[in-house]
Amino acid sequence: MTKVPVRGKIWFQKLTARSNAPQFGHCAAVSKWKNQWLLNQESSLIGHGHGLGATRDDQIIFNGILFYVGQKYITQAHHMPWWRTEGVILTILLHAGPVEFLYYWLHRALHHHFLYSRYHSHHHSSIVTEPITSVIHPFGEHIAYFMLFAIPLLTTLWTGTASLLSFAGYITYIDFMNNMGHCNFEHIPKWLFSVFPPLKYLMYTPSYHSLHHTQFRTNYSLFMPFYDYIYGTMDKSSDVLYESSLLRKEEAPDVVHLTHLTTPESIYHLRLGFAYLASEPHKSKWYLWLMWPVTVWSMMVTWIYGRTFIVERNIFKHLKLQTWAVPKYSIQYYMQWQRESINNLIEDAILEAEEKGVKVLSLGLLNQGEELNRNGALFIEKYPKLSINIVDGSSLAIALVLNSIPKGTTEILFRGSLSKVAYAIVCALCQKGIQVATFYENEKLKLSAVTQNKSMDSWDGVSDDEQLNAPKGTLFIPFSQFPPKKTRNDAFYYHTPSMLAPPSLHNLHSCENWLPRRVMSAWRVAGIVHALEGWDVHECGDTIFDVKRILEAALRHGFRPTTVST
């Protein structure tokens with residue numbers, strides 16, 4: 001038990017390996033002398049496979065300064081219109097012509113041994129690329145590339161055809177194509193080239209550029225393979241690699257945790273949003289209101305996509321873990337007319353996981369609502385022959401709440417929805433001789449039946465003012481996945497039931513909702529523990545797994561309880 005030196009009552013509040021991306025698998029084609037050269041280079045480079053990581057900062061600072069100077073001293077850059085059709089056409093022609101042509105020959109020159117050993121080898125220090133590889137260059141190369149990309153920008157300025165959208169569009173195109181080409185994951189669909197065959201000469205693919213990073217003497221083009229075809233430097237295995245990369249077998253997880261979006265801004269707190277926000281507990285940021293045009297667009301995308309999507313991949317021991325998000329927001333879970341749609345999404349996710357051979361699917365946040373699907377029992381009744389185990393994590397949540405109550409506690413003031421977790425907690429507390437009070441008149445008889453007829457007070461709901469009436473040093477211990485609103489500075493607010501992940505759990509770089517880094521909700525941990533232990537049972541509906549057994553198993557696998565938040 002956790003000891004906290006406080007007096008007064010305790011309130012319960014219920015507010016209702018690294019997984020590597022699929023690689024192209026042709027690194028073995030690199031010859032022996034190249035491998036030896038790379039090993040020699042590795043010892044003299046700093047950083048994670050990219051040499052001096054500060055070079056990406058050089059580019060940001062350098063480009064920022066040049067754009068500032070250009071806007072300040074080039075009079076044509078003042079008061080540009082939003083759109084000029086002739087400027088957009090000119091930008092496209094200048095990129096396809098001079099920029100791509102000059103880059104091709106500059107790139108070939110950089111692969112000459114004299115320049116390669118002094119400059120370009122810095123960019124090739126990692127055979128297996130990732131998006132950040134695209135901007136890892138010596139400063140001299142940054143200057144050369146800026147001069148090339150400035151050709152369309154300056155030309156349209158001096159001819160009076162520039163516009164804000166042509167500038168923004170061209171810079172976005174460069175960054176997108178650059179990052180896409182180094183992402184080491186083939187995702188360009190084949191039908192795109194079937195619909196428009198000339199596109200293969202106008203747009204490269206990640207697999208096409210990956211060959212340049214392993215073969216070194218082929219596929220020199222910037223974004224358009226056109227010049228490789230003209231000058232005979234296209235790698236002959238480009239098409240074969242592209243085809244085989246698309247046919248790769250999808251990696252099947254062992255455990256899936258099913259969560260959902262909370263607020264419209266929560267998309268920015270995922271790993272596919274902003275890394276800075278994802279690395280901190282979820283909090284409302286005033287400046288995200290400035291992002292509302294993008295926020296509305298993301299809401300439309302999730303609505304059109306209409307199915308769960310992967311937000312995180314992890315590896316722990318022998319298990320592959322994934323977190324899937326239902327494209328619904330918390331407020332929608334409280335709307336009666338949305339329940340059928342949400343249950344259909346959850347059902348589809350369960351069936352998809354079943355088809356992929358997933359062992360355990362844990363229900364997170366409001367996906368396990370009693371009014372929504374009776375803690376998952378609805379799906380078990382509909383599909384009684386499921387081989388996948390559905391886990392709502394209630395047993396571990398109960399164990400962690402009971403574990404967080406200090407020894408010597410004699411009185412507890414209970415509030416919140418009377419879920420199966422709440423009943424189990426109250427029952428366990430009463431069995432220990434702890435007096436439990438509640439504020440729900442309509443639940444009095446139901447509660448007393450499971451708490452050995454302990455006397456109950458009644459009070460429906462609690463406001464901020466009522467929370468302020470609690471004695472100094474009160475502990476607020478939530479038993480749901482949603483934390484209480486913190487209105488006191490002289491009280492202790494516990495985290496929602498959660499555990500600190502062991503160091504061997506890889507790729508856990510973002511925060512889960514309101515929890516700190518590397519802290520996972522009890523519901524998510526429960527699914528992992530069920531898979532680690534090989535328990536072939538469902539924990540959903542009215543079923544509660546052995547509370548003591550699952551806590552002991554979680555501790556044995558390296559998870560540690562978290563308690564006080566503030």
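The chain as shown is numbered from 1 upward.
From the backbone N, Cα and C atoms, a Cβ is placed for every residue, glycine too.
So that you can see what the record holds, here are the features copied from TrEMBL:
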- 88-106: transmembrane segment (TRANSMEM)
- 95-233: domain 'Fatty acid hydroxylase' (DOMAIN)
- 143-171: transmembrane segment (TRANSMEM)
- 286-306: transmembrane segment (TRANSMEM)
- 412-561: domain 'Very-long-chain aldehyde decarbonylase CER1-like C-terminal' (DOMAIN)
The predicted model's mean pLDDT over the domain 'Fatty acid hydroxylase' (95-233) is 92
Its residues classified by DSSP, the domain 'Very-long-chain aldehyde decarbonylase CER1-like C-terminal' (412-561) shows 49 helix, 23 strand, 78 coil
What DSSP reports for the domain 'Fatty acid hydroxylase' (95-233) is 97 helix, 0 strand, 42 coil
